[in-house]
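Database features (TrEMBL):
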- A:20-49: transmembrane segment (TRANSMEM)
- A:61-79: transmembrane segment (TRANSMEM)
- A:99-119: transmembrane segment (TRANSMEM)
- A:162-186: transmembrane segment (TRANSMEM)
- A:198-221: transmembrane segment (TRANSMEM)
- A:241-262: transmembrane segment (TRANSMEM)
- A:283-304: transmembrane segment (TRANSMEM)
- A:310-334: transmembrane segment (TRANSMEM)
- A:359-380: transmembrane segment (TRANSMEM)
Amino acid sequence: MDALFHAAPYIGYVYPNETVVPWGILIVVYPYLTGLVAGAFVVSAFYHVFGLEQFRPVARFALLTALALMVFVPLPLLLHLGRPERAFNAMLTPHWTSAFAAFSYAASFYVFILMLEIWFAFRADVVRYAQAALGPRRAFYYALALGSLDVSENALRHDRAWAHGLAIVGVAAAMLLHGYVGFVFGSLKSREWWGSDLMPVIFLLSAAVSGIALLIVLYVIACGVRRETPDDGALQGLTRALWGFLIAVVVMEVLEFVTLLYKSREGIETVMELLAGPIRTTLLLQAIGSAIPLAVLTALVASGTRGRRLVLWLSACSVLIVLAVFAMRWNVVIGGQELSKTMKGLVTYQLPFWGREGLLAVSLILAAPLALLAVLVRLFPPWETRAGSV
Amino acid sequence: MGYRVNQPEPGRRRFLRLGARVALLGVAAFGLARGFVRRATAAVRPASAPADYDWTKHRWGFGVDATRCIGCLRCVEACKIENGVARDAHHFRTWVERYVHLKGERRARIDSHYDPQNIAASGSEREYRFDNRYRDAPVEQAFFVPKLCNQCEHPPCVQVCPVGATYRTPDGVVLIDHNYCIGCQYCVQACPYGVRMFNHEHGVTDKCTWCYHRITRGMQPACVEVCPVNARIFGDLNDADSPISKFIRQNRVQVLKPEMGTGPSVYYAGIDKEVL
């Protein structure tokens, strides 16, 4: 007998409609991308807001990274909608009791702030390129300068003041945007695995961790491509930041899990089955990808490692963390749906390869920001640290 | 070339001021547009109800008498036909669960229509039947529990809809405007009872409406109409003599997952602690 509908395998008792998993891997990617954005922005804020000079070499690169990622944040959401052509209904008639209603506004506001800040941070360079370039490139840069070609010391001071102010607003916006993504899940009482008060906090902290880690990896790669040694001070600063945020997120995650276990409400056996069953591999990845970096980073911070050795160990940790945070998003989004609302059964999400909710589509969505970043870095090299650039 | 490199400061300030004005104008225009849309949507009445139906005059309620249900599943068939629900074993506006306590076992065994043995028993995912697997088992107690939308007083599904496509009518039924739903399935996640599902053909969410197109014309919901044993009871709670009012008066009823604070409007009699 052929199955009429390809439903998820299950064990125990689940509600009949639950055999179709509503949110697939696209909704794993969405909070993952937003988290990376928030994390990358935090790094730029270390310099632009908190004035920590050692982050200067990566501050502008972090801004471009945040923008390249943010541009693609709405894509997984749009692809997931049953009626994507109606997506703007959420902006036209937002239903304010919904955590989703504010998303389009919050995200648009954030993109606006981000682009404005980037404009101020890069304006002097853009003017310089406009004057040096020829042909279409010249027109392109002139257009981007928006007629504001003044690069006097006074004007640059103005740029810095604006970038500073926008970064302050931007940090708040980035934190809000991601804390709110945690609320999307944490506010649902229907799912035991989601409905936790710690969820927004965990999302926020893991966002910072993943964004900083990705930035480290990208920065090291970019330095490799440019045949330059990564800045020691910047890497040491990033090591400490990553370490600090990682401790915070691991503590929160362990607290949440221990609380769930200690309370042992009805259905805890099924929760344990979920951990041992459908999300076992990703949970292991999350645990290993947090524990090993935590140990290594502690050693790096304690020993004050620098140079080539720091680059190697820090990059390895960062790669692990980037994977671990993706696993964490998976465990929350997919795991939450695999645990039945009956608390007496489990379904197992099966990741398709083809189709708009498939592995291929998601790989492309994840690769797209990196491609865009490569273009952005060529158009607006963020590396100059000479006096004058912000 | 005549590009001004050292343009005096006011130029940029003027530009910023212009930008601020444009932004303000945009916000104002947007606010106006939103007002119009709001006004346009405020007048909407569900298309499924007749024009002369007054939804302020009723308060619908639903009862399930689990002691009567025989698990014949005519209700499930009727619902699928009446409402054009996908004829497979994974999409239901209403379904029936079977609870069986076997001798020596602490928890009930539960199954429903997607169970492969039940599908094999009917011969197709389009037909619904409970198989006879407990024929020779030491059954201590067994009962069926029909499930459907609880039309909650505080529906979490309505709360989370980002566009307001789903709403609760004054007569107490939660409906979806299928022409406005964006298909994000947030409501599917938010429902603690698993009664919402996705219509893959139209890209929108679907759910039980207590057959709103029928009850607003003085008829019974399809599942109630076909039930041969009166296990499903429907009526107007405003009317003390309605079947549902009597059912609630004459039984000690309970609702599902009361701890969720959703205020369900489906009242159950004859279920036990195992029912979720």
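Heads up, the Cβ atoms here are built off N, Cα and C, so glycines get one too.
Same-chain neighbours of the transmembrane segment (A:61-79): 26-27, 29-30, 33-34, 36-37, 40-41, 43-44, 87, 103-104, 107, 110-111, 114-115, 117-118, 121, 174, 211, 214-215, 218-219, 222, 356-357, 361-362, 365, 368-370, 372-373, 376-377, 380, 382-383, counting only residues six or more beyond its ends whose CB sits under 8 Å from a CB of the stretch.
Most Cβ pairs under 8 A with the transmembrane segment (A:359-380) among the ranges A:20-49, A:99-119, A:162-186, A:198-221, A:241-262 are made by A:20-49. By the Cβ criterion (distance under 8 Å, sequence gap of 6 or more), the transmembrane segment (A:198-221) is not counted as touching the transmembrane segment (A:283-304), fewer than 3 such pairs being found.
Contact counts against the transmembrane segment (A:310-334), taken as Cβ pairs under 8 Å, peak for A:283-304 among the stretches A:20-49, A:99-119, A:162-186, A:241-262, A:283-304. Note: the stretches the transmembrane segment (A:20-49) and the transmembrane segment (A:283-304) are not in contact (fewer than 3 CB pairs below 8 A, sequence gap of 6 or more). Scored on C-beta pairs under 8 angstroms, the neighbour of the transmembrane segment (A:162-186) with the top count among A:99-119, A:241-262, A:283-304 is A:99-119.
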